[in-house]
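Taken from Swiss-Prot, the feature active site applies to 206, 386. Positions annotated as Cu(2+) A binding site by Swiss-Prot: 240, 241, 308. Residues or ranges marked as Cu(2+) B binding site in Swiss-Prot: 386, 388, 461. The disulfide bond feature in Swiss-Prot is assigned to 208-258, 247-270, 365-477, 369-534, 440-462; the stated evidence is similarity to another entry. The domain 'DOMON' annotation in Swiss-Prot covers 31-142 and rests on sequence analysis. The annotation N-linked glycosylation site is assigned in Swiss-Prot to 32, 71, 449, 483. The signal peptide annotation in Swiss-Prot covers 1-21.
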(Lines of atoms letter the chains of each structure in order from A and count residues from 1; the text may use other names and numbers.)
(Lines give C-alpha, C1' and ligand atoms only; values in the text may rest on other atoms or scores of the structure.)
Protein backbone atom coordinates (compact mmCIF):
# COMPACT_ATOMS: atom_id res chain seq x y z
CA UNK A 1 0.00 0.00 0.00
CA UNK A 2 1.02 3.61 -0.39
CA UNK A 3 1.91 5.53 2.74
CA UNK A 4 1.34 9.12 1.63
CA UNK A 5 0.74 11.52 4.51
CA UNK A 6 1.78 8.82 6.94
CA UNK A 7 3.66 11.26 9.15
CA UNK A 8 0.59 13.42 9.64
CA UNK A 9 -1.60 10.42 10.45
CA UNK A 10 0.83 8.37 12.47
CA UNK A 11 -1.70 7.58 15.13
CA UNK A 12 -3.44 5.08 12.87
CA UNK A 13 -1.52 4.69 9.61
CA UNK A 14 0.00 1.21 9.43
CA UNK A 15 2.05 0.86 6.29
CA UNK A 16 2.82 -2.84 6.57
CA UNK A 17 -0.80 -3.99 6.08
CA UNK A 18 -3.29 -3.17 3.35
CA UNK A 19 -6.73 -4.40 4.39
CA UNK A 20 -7.97 -6.13 7.52
CA UNK A 21 -11.37 -7.59 8.30
CA UNK A 22 -13.34 -8.99 11.20
CA UNK A 23 -16.72 -10.33 12.21
CA UNK A 24 -18.94 -10.58 15.29
CA UNK A 25 -22.35 -12.21 15.74
CA UNK A 26 -24.88 -10.74 18.18
CA UNK A 27 -27.53 -13.07 19.60
CA UNK A 28 -30.70 -10.98 19.86
CA UNK A 29 -33.41 -13.46 20.88
CA UNK A 30 -35.62 -13.26 17.78
CA UNK A 31 -32.75 -13.22 15.32
CA UNK A 32 -28.98 -12.97 15.12
CA UNK A 33 -27.29 -9.88 13.71
CA UNK A 34 -23.87 -10.28 12.09
CA UNK A 35 -21.52 -7.31 11.88
CA UNK A 36 -18.62 -7.63 9.45
CA UNK A 37 -15.99 -5.00 8.80
CA UNK A 38 -13.16 -4.32 6.41
CA UNK A 39 -10.54 -1.74 7.31
CA UNK A 40 -8.64 -0.03 4.50
CA UNK A 41 -5.46 1.52 5.86
CA UNK A 42 -4.61 3.35 2.65
CA UNK A 43 -7.95 5.15 2.52
CA UNK A 44 -8.20 5.33 6.32
CA UNK A 45 -11.75 3.97 6.21
CA UNK A 46 -13.73 1.11 7.67
CA UNK A 47 -16.73 -0.49 5.93
CA UNK A 48 -19.34 -2.15 8.15
CA UNK A 49 -21.79 -4.62 6.64
CA UNK A 50 -24.68 -5.52 8.93
CA UNK A 51 -26.53 -8.74 8.11
CA UNK A 52 -29.91 -9.69 9.55
CA UNK A 53 -30.99 -13.20 10.43
CA UNK A 54 -34.42 -14.79 10.29
CA UNK A 55 -36.19 -11.62 11.38
CA UNK A 56 -35.25 -8.03 10.53
CA UNK A 57 -35.51 -5.57 13.45
CA UNK A 58 -37.44 -2.32 13.13
CA UNK A 59 -34.58 -0.42 14.76
CA UNK A 60 -30.93 -1.36 15.03
CA UNK A 61 -28.42 0.26 17.39
CA UNK A 62 -24.69 -0.30 16.77
CA UNK A 63 -22.57 1.35 19.45
CA UNK A 64 -18.80 1.70 19.89
CA UNK A 65 -17.23 2.05 23.33
CA UNK A 66 -13.80 1.97 24.92
CA UNK A 67 -14.68 0.26 28.18
CA UNK A 68 -18.22 -1.02 27.79
CA UNK A 69 -20.19 2.07 28.84
CA UNK A 70 -23.42 2.58 26.90
CA UNK A 71 -23.56 6.28 27.72
CA UNK A 72 -21.22 8.78 26.04
CA UNK A 73 -20.83 6.36 23.13
CA UNK A 74 -20.77 6.68 19.36
CA UNK A 75 -23.83 5.11 17.70
CA UNK A 76 -25.01 4.11 14.25
CA UNK A 77 -28.83 3.91 14.12
CA UNK A 78 -30.70 2.07 11.35
CA UNK A 79 -34.45 2.50 10.81
CA UNK A 80 -35.58 -0.47 8.73
CA UNK A 81 -39.01 1.00 8.02
CA UNK A 82 -37.54 4.19 6.54
CA UNK A 83 -34.43 2.32 5.31
CA UNK A 84 -32.33 5.16 6.72
CA UNK A 85 -29.14 5.38 8.74
CA UNK A 86 -28.42 8.06 11.32
CA UNK A 87 -25.01 8.92 12.79
CA UNK A 88 -25.86 9.40 16.48
CA UNK A 89 -24.44 9.28 19.99
CA UNK A 90 -25.61 8.65 23.54
CA UNK A 91 -25.18 11.37 26.14
CA UNK A 92 -24.40 10.89 29.82
CA UNK A 93 -28.07 10.16 30.49
CA UNK A 94 -28.17 7.34 27.90
CA UNK A 95 -30.35 9.36 25.51
CA UNK A 96 -29.85 8.66 21.79
CA UNK A 97 -29.20 11.94 19.94
CA UNK A 98 -28.52 12.56 16.21
CA UNK A 99 -25.00 13.83 15.54
CA UNK A 100 -24.64 17.29 14.00
CA UNK A 101 -22.04 15.86 11.62
CA UNK A 102 -23.25 12.82 9.66
CA UNK A 103 -20.04 10.87 9.05
CA UNK A 104 -21.44 7.47 8.03
CA UNK A 105 -21.98 6.98 4.30
CA UNK A 106 -24.47 4.32 3.22
CA UNK A 107 -22.96 2.30 0.36
CA UNK A 108 -25.56 -0.40 -0.18
CA UNK A 109 -28.94 -1.50 1.12
CA UNK A 110 -30.61 -4.88 0.59
CA UNK A 111 -33.44 -6.71 2.26
CA UNK A 112 -31.12 -8.77 4.45
CA UNK A 113 -28.21 -6.36 4.96
CA UNK A 114 -26.78 -2.88 4.49
CA UNK A 115 -23.25 -1.48 4.17
CA UNK A 116 -21.85 1.80 5.53
CA UNK A 117 -18.45 3.49 5.42
CA UNK A 118 -16.72 5.86 7.82
CA UNK A 119 -13.29 7.35 8.33
CA UNK A 120 -11.28 5.69 11.11
CA UNK A 121 -10.97 9.07 12.79
CA UNK A 122 -13.25 12.00 11.92
CA UNK A 123 -12.07 14.63 14.44
CA UNK A 124 -15.72 14.93 15.51
CA UNK A 125 -16.03 15.03 19.30
CA UNK A 126 -19.15 12.83 19.08
CA UNK A 127 -17.51 10.13 16.95
CA UNK A 128 -15.48 7.17 18.14
CA UNK A 129 -11.82 7.14 17.04
CA UNK A 130 -10.93 3.60 16.00
CA UNK A 131 -7.49 2.79 17.37
CA UNK A 132 -5.30 -0.22 17.91
CA UNK A 133 -6.52 -2.49 20.67
CA UNK A 134 -9.95 -3.59 21.80
CA UNK A 135 -13.20 -2.03 20.62
CA UNK A 136 -16.36 -2.95 22.52
CA UNK A 137 -19.47 -3.21 20.38
CA UNK A 138 -23.03 -2.81 21.61
CA UNK A 139 -25.64 -4.27 19.27
CA UNK A 140 -29.27 -3.66 20.17
CA UNK A 141 -32.43 -4.42 18.21
CA UNK A 142 -36.07 -3.43 18.59
CA UNK A 143 -38.82 -5.60 17.14
CA UNK A 144 -42.16 -3.78 16.90
CA UNK A 145 -41.01 -0.52 18.49
CA UNK A 146 -39.52 2.49 16.70
CA UNK A 147 -39.78 5.51 18.99
CA UNK A 148 -37.04 4.52 21.43
CA UNK A 149 -34.78 7.33 22.64
CA UNK A 150 -33.09 5.72 25.69
CA UNK A 151 -30.74 2.77 25.25
CA UNK A 152 -31.76 1.51 28.72
CA UNK A 153 -35.34 1.01 27.53
CA UNK A 154 -36.35 -2.61 28.19
CA UNK A 155 -37.78 -2.84 24.67
CA UNK A 156 -34.24 -3.08 23.33
CA UNK A 157 -32.74 -6.56 23.00
CA UNK A 158 -29.05 -6.08 23.68
CA UNK A 159 -25.79 -7.96 23.21
CA UNK A 160 -22.16 -6.95 23.77
CA UNK A 161 -19.21 -8.14 21.70
CA UNK A 162 -15.51 -7.39 21.34
CA UNK A 163 -13.28 -6.96 18.31
CA UNK A 164 -10.27 -5.23 16.79
CA UNK A 165 -11.17 -2.84 13.99
CA UNK A 166 -7.48 -1.94 13.67
CA UNK A 167 -5.07 -4.85 13.97
CA UNK A 168 -1.95 -2.72 13.67
CA UNK A 169 1.35 -4.43 12.99
CA UNK A 170 0.20 -7.17 15.35
CA UNK A 171 -1.81 -9.00 12.72
CA UNK A 172 -2.82 -12.62 12.98
CA UNK A 173 -0.38 -15.17 11.56
CA UNK A 174 -0.68 -16.07 7.92
CA UNK A 175 -2.05 -19.48 7.01
CA UNK A 176 1.43 -20.82 6.30
CA UNK A 177 2.00 -20.66 10.06
CA UNK A 178 -1.28 -22.43 10.80
CA UNK A 179 -2.15 -26.07 11.26
CA UNK A 180 -2.59 -26.65 7.51
CA UNK A 181 1.16 -26.51 6.93
CA UNK A 182 2.45 -27.97 10.18
CA UNK A 183 5.09 -30.65 9.84
CA UNK A 184 3.83 -34.04 8.70
CA UNK A 185 4.78 -35.77 11.95
CA UNK A 186 2.90 -33.31 14.14
CA UNK A 187 1.22 -34.81 17.20
CA UNK A 188 -1.76 -33.39 19.07
CA UNK A 189 -1.38 -33.72 22.84
CA UNK A 190 -4.21 -32.81 25.23
CA UNK A 191 -3.42 -32.25 28.91
CA UNK A 192 -6.59 -32.28 31.00
CA UNK A 193 -8.27 -34.15 33.82
CA UNK A 194 -8.81 -37.88 33.20
CA UNK A 195 -12.38 -37.66 34.45
CA UNK A 196 -14.85 -34.78 34.89
CA UNK A 197 -14.37 -32.86 38.12
CA UNK A 198 -16.88 -30.42 39.66
CA UNK A 199 -15.85 -26.77 39.61
CA UNK A 200 -15.75 -25.64 43.28
CA UNK A 201 -18.66 -23.38 44.24
CA UNK A 202 -16.39 -20.57 45.42
CA UNK A 203 -15.50 -17.39 43.55
CA UNK A 204 -11.80 -18.07 42.92
CA UNK A 205 -10.15 -21.47 42.59
CA UNK A 206 -6.84 -22.58 41.14
CA UNK A 207 -6.83 -26.19 39.93
CA UNK A 208 -3.64 -28.00 38.86
CA UNK A 209 -3.27 -30.91 36.44
CA UNK A 210 0.09 -32.71 36.16
CA UNK A 211 0.65 -35.08 33.23
CA UNK A 212 3.56 -36.87 31.57
CA UNK A 213 4.07 -36.04 27.92
CA UNK A 214 2.97 -39.17 25.98
CA UNK A 215 6.03 -39.50 23.75
CA UNK A 216 9.74 -40.24 24.14
CA UNK A 217 11.20 -37.14 25.76
CA UNK A 218 14.05 -39.12 27.33
CA UNK A 219 16.11 -39.47 24.17
CA UNK A 220 14.71 -36.89 21.79
CA UNK A 221 13.98 -33.15 21.68
CA UNK A 222 10.72 -31.90 20.18
CA UNK A 223 9.33 -28.50 19.32
CA UNK A 224 5.89 -27.29 20.34
CA UNK A 225 4.70 -25.20 17.39
CA UNK A 226 1.17 -24.32 18.45
CA UNK A 227 -0.81 -24.30 21.70
CA UNK A 228 -4.43 -23.58 22.45
CA UNK A 229 -6.99 -23.99 25.23
CA UNK A 230 -9.14 -27.09 25.55
CA UNK A 231 -12.33 -25.78 27.18
CA UNK A 232 -15.30 -27.94 28.13
CA UNK A 233 -18.23 -26.65 26.01
CA UNK A 234 -20.55 -24.51 28.12
CA UNK A 235 -17.88 -23.67 30.71
CA UNK A 236 -16.26 -20.80 28.83
CA UNK A 237 -17.60 -18.33 31.41
CA UNK A 238 -15.89 -20.17 34.29
CA UNK A 239 -12.37 -20.70 32.90
CA UNK A 240 -10.79 -17.27 33.37
CA UNK A 241 -7.17 -18.02 32.51
CA UNK A 242 -4.58 -20.80 32.46
CA UNK A 243 -0.83 -21.13 32.76
CA UNK A 244 1.24 -24.10 31.62
CA UNK A 245 4.48 -25.03 33.40
CA UNK A 246 7.27 -27.44 32.50
CA UNK A 247 8.53 -29.52 35.43
CA UNK A 248 12.27 -29.87 36.08
CA UNK A 249 11.80 -33.14 38.00
CA UNK A 250 9.84 -36.29 37.22
CA UNK A 251 6.55 -35.90 39.10
CA UNK A 252 3.68 -38.30 39.65
CA UNK A 253 0.55 -37.52 37.68
CA UNK A 254 -2.05 -35.69 39.76
CA UNK A 255 -5.01 -33.31 39.56
CA UNK A 256 -6.73 -31.23 42.22
CA UNK A 257 -6.68 -27.90 44.03
CA UNK A 258 -3.30 -26.23 43.62
CA UNK A 259 -3.20 -25.54 47.37
CA UNK A 260 -4.09 -29.11 48.38
CA UNK A 261 -1.56 -30.49 50.92
CA UNK A 262 -1.71 -33.78 48.97
CA UNK A 263 -0.25 -32.14 45.90
CA UNK A 264 3.06 -33.90 45.08
CA UNK A 265 6.02 -32.20 46.73
CA UNK A 266 8.07 -32.44 43.55
CA UNK A 267 5.45 -30.29 41.81
CA UNK A 268 7.39 -27.31 43.16
CA UNK A 269 9.77 -27.99 40.27
CA UNK A 270 6.93 -27.18 37.84
CA UNK A 271 7.94 -23.53 37.62
CA UNK A 272 9.06 -22.96 34.02
CA UNK A 273 6.22 -21.12 32.24
CA UNK A 274 5.75 -22.30 28.65
CA UNK A 275 2.30 -20.90 27.89
CA UNK A 276 -0.39 -18.60 29.24
CA UNK A 277 -3.95 -18.12 28.08
CA UNK A 278 -6.85 -15.93 29.20
CA UNK A 279 -10.57 -15.72 28.47
CA UNK A 280 -11.26 -14.61 24.89
CA UNK A 281 -7.91 -15.60 23.40
CA UNK A 282 -7.28 -17.92 20.49
CA UNK A 283 -4.36 -20.25 19.76
CA UNK A 284 -0.68 -19.44 20.17
CA UNK A 285 1.20 -19.81 16.87
CA UNK A 286 4.97 -20.01 16.63
CA UNK A 287 6.75 -18.56 13.58
CA UNK A 288 8.05 -21.07 11.07
CA UNK A 289 11.65 -20.60 12.19
CA UNK A 290 11.08 -21.26 15.93
CA UNK A 291 9.49 -23.73 18.33
CA UNK A 292 9.30 -24.26 22.07
CA UNK A 293 11.74 -27.07 23.02
CA UNK A 294 10.70 -30.01 25.15
CA UNK A 295 12.57 -33.24 25.93
CA UNK A 296 16.07 -34.45 25.17
CA UNK A 297 17.32 -34.16 28.75
CA UNK A 298 17.53 -37.86 29.56
CA UNK A 299 14.27 -37.95 31.53
CA UNK A 300 10.53 -38.01 31.08
CA UNK A 301 8.97 -34.56 30.70
CA UNK A 302 5.97 -33.54 32.78
CA UNK A 303 3.80 -30.46 32.39
CA UNK A 304 1.43 -28.81 34.83
CA UNK A 305 -1.65 -26.88 33.73
CA UNK A 306 -2.91 -24.34 36.29
CA UNK A 307 -6.53 -23.30 35.72
CA UNK A 308 -8.07 -20.21 37.31
CA UNK A 309 -11.81 -20.78 37.72
CA UNK A 310 -13.85 -17.63 38.25
CA UNK A 311 -17.25 -18.58 39.67
CA UNK A 312 -18.80 -15.38 41.10
CA UNK A 313 -22.32 -16.84 41.02
CA UNK A 314 -21.15 -19.88 43.03
CA UNK A 315 -22.55 -22.48 40.64
CA UNK A 316 -22.60 -26.02 42.05
CA UNK A 317 -22.08 -29.33 40.30
CA UNK A 318 -20.60 -27.95 37.08
CA UNK A 319 -18.39 -30.71 35.67
CA UNK A 320 -15.25 -29.69 33.83
CA UNK A 321 -12.47 -31.38 31.84
CA UNK A 322 -10.75 -28.25 30.54
CA UNK A 323 -7.03 -28.14 29.91
CA UNK A 324 -4.52 -27.32 27.20
CA UNK A 325 -3.61 -28.88 23.88
CA UNK A 326 -0.25 -28.84 22.14
CA UNK A 327 0.89 -29.43 18.57
CA UNK A 328 4.29 -31.13 18.78
CA UNK A 329 6.78 -32.03 16.04
CA UNK A 330 10.06 -33.92 15.96
CA UNK A 331 11.27 -31.86 12.99
CA UNK A 332 13.17 -29.18 14.87
CA UNK A 333 13.07 -25.61 13.66
CA UNK A 334 16.04 -23.24 13.51
CA UNK A 335 15.56 -21.57 16.90
CA UNK A 336 14.40 -22.57 20.35
CA UNK A 337 11.73 -20.14 21.57
CA UNK A 338 11.06 -18.89 25.08
CA UNK A 339 8.46 -17.01 27.10
CA UNK A 340 9.16 -14.20 29.56
CA UNK A 341 6.90 -12.58 32.15
CA UNK A 342 7.00 -8.78 32.43
CA UNK A 343 5.05 -6.39 34.65
CA UNK A 344 4.29 -6.16 38.36
CA UNK A 345 5.13 -8.75 41.00
CA UNK A 346 2.03 -10.43 42.45
CA UNK A 347 2.14 -8.57 45.75
CA UNK A 348 -0.04 -6.40 47.95
CA UNK A 349 2.72 -3.80 47.61
CA UNK A 350 1.25 -3.12 44.16
CA UNK A 351 -2.19 -1.96 45.28
CA UNK A 352 -4.62 0.70 44.09
CA UNK A 353 -6.56 3.13 46.32
CA UNK A 354 -10.34 3.32 45.87
CA UNK A 355 -12.21 5.86 43.73
CA UNK A 356 -9.40 6.37 41.21
CA UNK A 357 -10.25 7.23 37.60
CA UNK A 358 -6.90 6.40 35.98
CA UNK A 359 -4.31 5.01 38.40
CA UNK A 360 -1.17 4.00 36.47
CA UNK A 361 1.44 1.59 37.80
CA UNK A 362 4.72 0.67 36.10
CA UNK A 363 6.48 -2.67 36.18
CA UNK A 364 10.17 -2.47 35.29
CA UNK A 365 12.48 -4.87 33.50
CA UNK A 366 15.73 -2.89 33.82
CA UNK A 367 18.98 -3.08 31.91
CA UNK A 368 20.62 -4.95 34.81
CA UNK A 369 18.32 -7.88 34.04
CA UNK A 370 18.20 -7.72 30.23
CA UNK A 371 22.00 -7.87 30.22
CA UNK A 372 21.44 -11.61 30.62
CA UNK A 373 19.79 -11.87 27.19
CA UNK A 374 21.71 -13.39 24.24
CA UNK A 375 24.36 -11.14 22.75
CA UNK A 376 22.46 -10.87 19.45
CA UNK A 377 19.25 -9.91 21.26
CA UNK A 378 15.82 -11.53 21.11
CA UNK A 379 12.91 -11.24 18.67
CA UNK A 380 9.49 -10.86 20.29
CA UNK A 381 6.89 -12.40 17.98
CA UNK A 382 3.85 -12.35 20.27
CA UNK A 383 2.61 -10.52 23.35
CA UNK A 384 -0.18 -11.32 25.77
CA UNK A 385 -1.22 -8.69 28.31
CA UNK A 386 -3.31 -9.50 31.35
CA UNK A 387 -5.04 -7.63 34.16
CA UNK A 388 -8.22 -8.17 36.16
CA UNK A 389 -11.51 -6.31 36.53
CA UNK A 390 -10.27 -2.73 37.04
CA UNK A 391 -7.64 -2.80 34.26
CA UNK A 392 -8.38 -0.28 31.48
CA UNK A 393 -5.14 0.37 29.55
CA UNK A 394 -2.07 -1.85 29.24
CA UNK A 395 1.16 -1.45 27.30
CA UNK A 396 4.87 -2.25 27.30
CA UNK A 397 7.43 0.28 26.07
CA UNK A 398 11.04 -0.27 25.07
CA UNK A 399 13.90 2.01 26.13
CA UNK A 400 17.51 2.05 25.00
CA UNK A 401 20.08 4.14 26.87
CA UNK A 402 17.15 5.61 28.81
CA UNK A 403 15.30 6.89 25.71
CA UNK A 404 12.02 5.40 24.52
CA UNK A 405 12.39 3.84 21.07
CA UNK A 406 8.95 2.25 20.68
CA UNK A 407 6.19 0.07 22.07
CA UNK A 408 6.16 -3.71 22.25
CA UNK A 409 2.38 -3.87 22.49
CA UNK A 410 -0.41 -1.50 23.51
CA UNK A 411 -4.14 -1.77 24.25
CA UNK A 412 -5.79 1.56 25.09
CA UNK A 413 -9.20 -0.10 25.52
CA UNK A 414 -8.42 -3.26 27.47
CA UNK A 415 -11.24 -5.52 28.67
CA UNK A 416 -10.72 -8.48 31.05
CA UNK A 417 -13.63 -10.19 29.29
CA UNK A 418 -11.90 -10.29 25.90
CA UNK A 419 -8.19 -10.93 26.11
CA UNK A 420 -6.09 -11.86 23.12
CA UNK A 421 -2.61 -12.77 22.03
CA UNK A 422 -1.07 -10.21 19.71
CA UNK A 423 1.13 -11.61 16.95
CA UNK A 424 3.82 -8.96 16.41
CA UNK A 425 4.65 -8.26 12.77
CA UNK A 426 7.27 -6.92 12.41
CA UNK A 427 8.84 -8.57 15.41
CA UNK A 428 10.33 -6.41 18.16
CA UNK A 429 14.09 -6.73 18.66
CA UNK A 430 15.26 -6.31 22.27
CA UNK A 431 18.99 -6.02 22.92
CA UNK A 432 20.95 -6.71 26.12
CA UNK A 433 20.86 -3.58 28.26
CA UNK A 434 17.46 -2.39 27.01
CA UNK A 435 14.76 -1.52 29.56
CA UNK A 436 11.16 -2.70 29.21
CA UNK A 437 8.42 -0.89 31.14
CA UNK A 438 4.94 -2.41 31.42
CA UNK A 439 2.22 0.06 32.39
CA UNK A 440 -1.28 -0.77 33.62
CA UNK A 441 -3.96 1.87 34.20
CA UNK A 442 -6.77 1.01 36.62
CA UNK A 443 -10.23 2.46 37.26
CA UNK A 444 -11.43 1.89 40.84
CA UNK A 445 -14.21 4.48 40.95
CA UNK A 446 -16.74 1.75 41.76
CA UNK A 447 -14.74 0.44 44.71
CA UNK A 448 -14.78 1.76 48.25
CA UNK A 449 -11.79 -0.25 49.50
CA UNK A 450 -8.20 -0.73 48.39
CA UNK A 451 -7.71 -3.14 45.48
CA UNK A 452 -4.75 -5.33 46.37
CA UNK A 453 -2.26 -6.87 44.01
CA UNK A 454 -2.77 -10.63 44.02
CA UNK A 455 -4.25 -13.70 42.38
CA UNK A 456 -8.00 -13.36 43.05
CA UNK A 457 -10.30 -11.95 40.39
CA UNK A 458 -11.11 -8.97 42.64
CA UNK A 459 -7.37 -8.41 43.19
CA UNK A 460 -5.28 -6.89 40.42
CA UNK A 461 -2.46 -7.99 38.16
CA UNK A 462 -0.30 -6.33 35.52
CA UNK A 463 1.38 -8.88 33.28
CA UNK A 464 2.73 -9.10 29.76
CA UNK A 465 3.81 -12.55 28.58
CA UNK A 466 6.18 -12.09 25.67
CA UNK A 467 6.94 -14.95 23.28
CA UNK A 468 10.33 -14.70 21.63
CA UNK A 469 13.40 -16.40 20.16
CA UNK A 470 16.19 -17.36 20.59
CA UNK A 471 15.47 -18.64 24.09
CA UNK A 472 17.34 -17.21 27.07
CA UNK A 473 17.60 -18.04 30.76
CA UNK A 474 15.53 -14.99 31.75
CA UNK A 475 11.98 -16.06 32.58
CA UNK A 476 10.66 -13.38 34.96
CA UNK A 477 11.54 -9.67 34.89
CA UNK A 478 9.09 -7.80 37.16
CA UNK A 479 9.07 -5.22 39.91
CA UNK A 480 7.14 -3.90 42.90
CA UNK A 481 7.38 -0.71 44.89
CA UNK A 482 9.87 -1.60 47.63
CA UNK A 483 8.60 -2.53 51.07
CA UNK A 484 11.03 -0.08 52.66
CA UNK A 485 9.55 2.76 50.56
CA UNK A 486 6.02 1.82 51.63
CA UNK A 487 6.91 1.39 55.29
CA UNK A 488 8.65 4.77 55.37
CA UNK A 489 5.64 6.48 53.75
CA UNK A 490 2.94 4.93 55.93
CA UNK A 491 5.04 5.52 59.06
CA UNK A 492 5.94 9.15 58.36
CA UNK A 493 2.68 10.26 56.74
CA UNK A 494 0.09 8.22 58.64
CA UNK A 495 1.85 7.39 61.92
CA UNK A 496 1.73 3.61 61.43
CA UNK A 497 4.14 1.05 62.82
CA UNK A 498 6.43 0.72 59.82
CA UNK A 499 8.37 -2.21 61.27
CA UNK A 500 5.76 -4.80 62.23
CA UNK A 501 2.53 -4.06 60.35
CA UNK A 502 1.65 -6.02 57.22
CA UNK A 503 1.67 -4.04 54.00
CA UNK A 504 -2.02 -4.85 53.47
CA UNK A 505 -2.88 -3.56 56.96
CA UNK A 506 -1.07 -0.31 56.20
CA UNK A 507 -3.11 0.22 53.05
CA UNK A 508 -6.33 -0.55 54.92
CA UNK A 509 -5.25 1.78 57.70
CA UNK A 510 -5.77 4.79 55.43
CA UNK A 511 -9.46 5.58 55.91
CA UNK A 512 -9.62 8.59 53.59
CA UNK A 513 -7.69 8.71 50.32
CA UNK A 514 -9.18 12.06 49.26
CA UNK A 515 -7.97 15.63 49.87
CA UNK A 516 -4.67 15.05 48.12
CA UNK A 517 -3.69 11.86 49.97
CA UNK A 518 -4.04 9.78 46.81
CA UNK A 519 -2.04 12.29 44.76
CA UNK A 520 0.71 12.34 47.36
CA UNK A 521 0.90 8.54 47.43
CA UNK A 522 0.86 8.37 43.62
CA UNK A 523 4.00 10.49 43.58
CA UNK A 524 5.65 8.12 46.07
CA UNK A 525 4.91 5.19 43.75
CA UNK A 526 6.47 6.99 40.80
CA UNK A 527 9.73 8.05 42.44
CA UNK A 528 10.31 5.43 45.16
CA UNK A 529 12.72 2.53 44.93
CA UNK A 530 11.60 -0.89 43.70
CA UNK A 531 12.16 -4.57 44.44
CA UNK A 532 13.04 -6.64 41.38
CA UNK A 533 12.38 -10.21 40.32
CA UNK A 534 15.01 -11.13 37.72
CA UNK A 535 14.56 -14.88 37.73
CA UNK A 536 15.71 -17.99 35.92
CA UNK A 537 13.32 -20.84 35.06
CA UNK A 538 14.24 -22.62 38.31
CA UNK A 539 13.11 -19.60 40.32
CA UNK A 540 16.63 -18.50 41.24
CA UNK A 541 17.67 -14.87 40.89
CA UNK A 542 20.39 -13.80 38.51
CA UNK A 543 23.50 -12.33 40.08
CA UNK A 544 23.23 -8.56 40.42
CA UNK A 545 26.33 -7.18 38.71
CA UNK A 546 27.50 -3.89 40.19
CA UNK A 547 30.73 -2.32 41.38
CA UNK A 548 28.85 -1.16 44.48
CA UNK A 549 28.39 -4.18 46.82
CA UNK A 550 25.55 -2.38 48.59
CA UNK A 551 23.34 -2.54 45.50
CA UNK A 552 21.10 -5.47 44.65
CA UNK A 553 17.65 -6.48 43.45
CA UNK A 554 16.08 -5.24 46.70
CA UNK A 555 15.28 -1.55 47.14
CA UNK A 556 17.01 -0.52 43.91
CA UNK A 557 16.57 2.86 42.25
CA UNK A 558 14.09 2.75 39.39
CA UNK A 559 15.47 3.40 35.88
CA UNK A 560 15.73 7.00 34.68
CA UNK A 561 13.75 7.13 31.44
CA UNK A 562 12.87 9.73 28.81
CA UNK A 563 10.28 9.81 26.03
CA UNK A 564 11.37 9.45 22.44
CA UNK A 565 10.86 12.06 19.75
CA UNK A 566 8.04 10.19 17.99
CA UNK A 567 4.27 10.55 18.42
CA UNK A 568 2.20 7.37 18.30
CA UNK A 569 -1.10 8.54 19.72
CA UNK A 570 -3.81 10.85 18.47
CA UNK A 571 -3.65 14.36 19.92
CA UNK A 572 -6.96 14.54 21.77
CA UNK A 573 -6.95 18.33 21.71
CA UNK A 574 -6.22 18.74 18.00
CA UNK A 575 -8.36 15.78 16.92
CA UNK A 576 -11.15 15.16 19.49
CA UNK A 577 -13.24 12.00 19.75
CA UNK A 578 -15.97 10.67 22.01
CA UNK A 579 -13.30 8.49 23.64
CA UNK A 580 -12.04 11.66 25.38
CA UNK A 581 -15.34 12.99 26.75
CA UNK A 582 -14.98 11.06 30.00
CA UNK A 583 -12.09 13.39 30.89
CA UNK A 584 -14.56 16.27 31.36
CA UNK A 585 -16.96 14.50 33.70
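Each Cβ is built from the backbone N, Cα and C atoms, and glycine gets one as well.
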DSSP-assigned states of the domain 'DOMON' (31-142) in counts, ordered helix, strand, coil: 0 helix, 63 strand, 49 coil
Residues close to Cu(2+) B site centre defined by 386, 388, 461, Cβ within 8 Å: 241, 278, 387, 391, 416, 460, 462, 463
Euclidean distance between Cα atoms of residue 206 (active site) and residue 483 (N-linked glycosylation site), Å: 27
For residue 388 (Cu(2+) B binding site): DSSP state (helix, strand, coil): coil
Between residue 461 (Cu(2+) B binding site) and residue 206 (active site): CA-CA distance (Å): 16
Other CB atoms within 10 A, centred on residue 440 (disulfide bond): 29
Reduced DSSP assignment, residue 258 (disulfide bond): coil
208, 365 as disulfide-bonded residues, winner by CB count within 10 A: 365
Proximal residue to residue 270 (disulfide bond) among recorded positions 388, 440, 449, 462 (C-alpha distance): 462
Residue from 258, 388, 440, 462, 477 whose C-alpha is spatially nearest that of residue 32 (N-linked glycosylation site), among the recorded positions: 388
Other C-beta atoms that fall within 10 angstroms of the C-beta of residue 71 (N-linked glycosylation site): 17
Between residue 461 (Cu(2+) B binding site) and residue 440 (disulfide bond): CA-CA distance (Å): 9
Other residues, Cβ within 8 Å of 240, 241, 308 Cβ centroid (Cu(2+) A site): 239, 242, 278, 279, 307, 309, 310, 457
Proximal residue to residue 241 (Cu(2+) A binding site) among recorded positions 71, 365, 369, 386 (C-alpha distance): 386
